[in-house]
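According to TrEMBL:
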| type | residues | note |
| --- | --- | --- |
| BINDING | H317, H377, H448, H664 | Fe cation binding site |
Amino acid sequence: MSLYLPQRLVQCLAHRKRFRDLPSSLPPPRRVQRKIKAPAISSSEMRRSGARRRLPGDGAFILMGGLRLSHPLYPHLLPAAAGPSCSHSPVALAAAAPQTTRNMLRSIFRFLRSILPAAPARPSVLKNCLPETPRNPVAPSLWRGLQCIAPLMATVEETPEPIPTRIKGHIPEWLSGRLVRTGPGKFEFGKEKYNHWFDGMALLHQFKMENGNVTYKSKFLQSDTYLANSSHDRIMVSEFGTLALPDPCKSLFERFVSKFETPKITDNTSVNYVQYQGDYYISTETNFINKVDLETLERTKKVDWSKVIAVNGATAHPHYDPDGTAYNMGNSYGAHGSCYNIIQIPPQREDGLGELAGARVICSISPAEKMKPSYYHSFGMTKNYIIFIEQPIKMDLWKIVTSKLRGKAFMDGISWQPQYDTRFHVVNKHTGQILPGKFFSKPFVTFHQINAFEDQGCVVIDLCCQDDGETLGIYQLQNLRKSGQGLDEVYNSAARTFPRRFVLPLDAFLDAPTGENLSPLTYSTAKAMRGEDGKIWCCPENLHHEDLEEEGGLEFPQINYSRCNSQRYRFFYGCGFRHLVGDSLIKVDVETKKLKVWREDGFYPSEPVFVPAPGASEEDGGVILSMVVTPNQNESAFLLVLDAETFEELGRAEVPVQMPYGFHGIFVPT
């Protein structure tokens with residue numbers, strides 16, 4: 001046990017002053033040593049007394065951390081039962097040391113409790129009284145005999161010229177446009193190999209649909225990183241999970257000095273296509289985005305967020321208002337730590353102005369810890385609000401800044417820290433004002449939000465959630481390329497992702513009673529309760545039944561965005577995960593929680609993309625597009641087209657080339 005007291009308080013104790021004599025504000029605690037001389041105790045006296053512990057010869061005292069309380073305090077701290085005749089001589093004290101010390105400690109703590117202000121109620125009290133969150137186990141069931149998917153994590157050749165596909169079934173003739181996707185497609189340069197799935201060089205895919213026909217092409221993004229790696233035939237720029245090594249041609253001294261050079265930031269944007277002001281970009285989470293021509297898949301310009309506004313990057317999942325105004329989030333880092341920033345990009349820019357002209361930060365949110373901000377991949381948006389989720393995946397900025405010097409990759413500075421709760425920040429996107437409500441939940445992790453909307457004074461936000469945040473480490477390439485029992489063990493150790501609904505009552509916290517459910521929504525079992533400290537603790541509703549657990553959970557959620565974004569909705573679509581990558585497509589009815597599933601053994605579909613049918617009156621009137629890949633060398637990858645309402649296959653366009661598993665994409669109509 002360690003107890004550190006303010007120096008002034010120790011002085012008051014030593015001089016037997018009462019609490020009323022203390023100054024109104026005490027200085028901050030620091031280690032102190034207070035020692036008052038007492039008659040020496042000889043070793044022989046100590047042995048004769050039977051004391052278990054030898055007391056220092058320069059006086060009898062109690063040692064707690066850095067605090068020494070000497071015998072002048074004993075008359076006031078010894079138990080009353082000792083009586084006035086109790087001897088306080090060093091020998092007597094030593095003889096009674098074990099029991100006396102315990103009694104004195106109790107007295108000290110009673111005295112301190114009587115003079116110090118009571119500690120505030122622990123914020124976790126109400127949290128622990130909440131109904132248990134319907135949590136899903138890390139592994140709902142153990143899976144055996146998983147297929148090796150190493151070929152889906154291997155380097156492939158690009159297909160720079162359009163090639164025809166073989167149509168099975170039929171492709172609706174009204175479906176006219178391009179499905180463009182991105183993801184890693186090259187995992188080594190020369191003898192140097194990447195460590196993490198996220199590190200691979202971006203391969204851009206294009207399926208062009210017209211009059212029931214489909215063509216396919218692909219190209220590696222000609223980023224500066226890709227070009228530098230290719231020209232040197234080795235990894236020149238560090239990625240998320242891979243540290244670029246010093247040039248082997250340099251001398252030992254030059255290689256040592258290179259550890260202190262500022263590392264280059266990768267522009268290998270492999271996560272998603274985004275649209276700003278009518279232009280299309282490939283984005284990741286660094287400060288660079290690459291503008292591309294969707295027809296040729298050529299990069300036309302590299303844009304640096306930090307040259308436009310004061311942020312050091314932005315997510316690859318922006319949101320859009322119906323008028324084309326875009327919103328995103330990005331961090332900024334400075335001498336005093338970090339901030340989360342909400343970015344607004346106008347739908348158009350004036351002639352002659354550069355890319356992202358008019359972008360501005362409308363709100364900055366301080367992290368719970370400036371040097372340990374949370375990692376986030378997406379955020380929620382309603383008609384009037386931005387919802388940012390500060391989750392317990394922490395980025396240790398000191399570790400990240402020193403990663404090169406320590407010989408570690410960027411991901412070494414990111415860790416799951418479940419001692420922190422998850423917090424919801426709600427910001428008015430029109431004024432930039434942070435709402436005063438403090439919304440918390442038990443720790444969970446989310447990478448993708450499904451949808452969010454407003455109803456009866458509440459924000460309703462649906463998320464794909466995990467109860468364990470170690471997922472990033474699971475996707476090391478050495479894990480994804482395993483087979484047999486090793487692959488089964490990796491999969492069974494991974495957390496599953498399930499859809500949950502949270503309700504945030506925006507006004508109820510002002511005068512709400514404590515311990516009562518503040519949600520007025522009768523169609524949701526999600527709860528929100530106010531604690532005595534003013535925090536609103538949120539308990540979610542599971543948007544599924546047990547059958548989704550048998551599908552391995554769900555990720556890569558999509559909705560009918562043009563119709564349902566920021567609106568109350570009924571359906572969403574995603575990938576089922578009975579493997580480390582998606583192995584099925586799932587349609588979820590959030591009202592009935594019933595599922596519809598498409599699956600074909602040995603094939604792995606990508607994120608579903610919803611395309612509305614012309615003139616459709618129903619929310620699910622349209623088709624689902626998904627790029628389906630396979631590790632089987634005698635099978636072909638294909639573009640799958642499903643009827644979004646029935647979830648039955650309409651047709652497929654088979655492609656006679658090997659494709660890796662990717663991340664995200666969009667459909668752009670023509």
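Including glycine, each Cβ sits where the backbone N, Cα and C put it.
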Count of other CB atoms lying within 10 Å of the CB belonging to H317 (Fe cation binding site): 20
CB-centroid shell, 8 A cutoff, Fe cation site H317, H377, H448, H664, site residues removed: V271, N272, T315, A316, S378, F447
Protein Cβ atoms within 10 Å of H377 (Fe cation binding site), excluding its own: 18
Mapped DSSP class for H448 (Fe cation binding site), helix or strand or coil: strand
Protein Cβ atoms within 10 Å of H448 (Fe cation binding site), excluding its own: 20
Three-class DSSP secondary structure - H377 (Fe cation binding site): coil
Cβ neighbours of H664 (Fe cation binding site) where a neighbour is any other Cβ within 10 Å: 22
Collapsed DSSP category at H317 (Fe cation binding site): coil
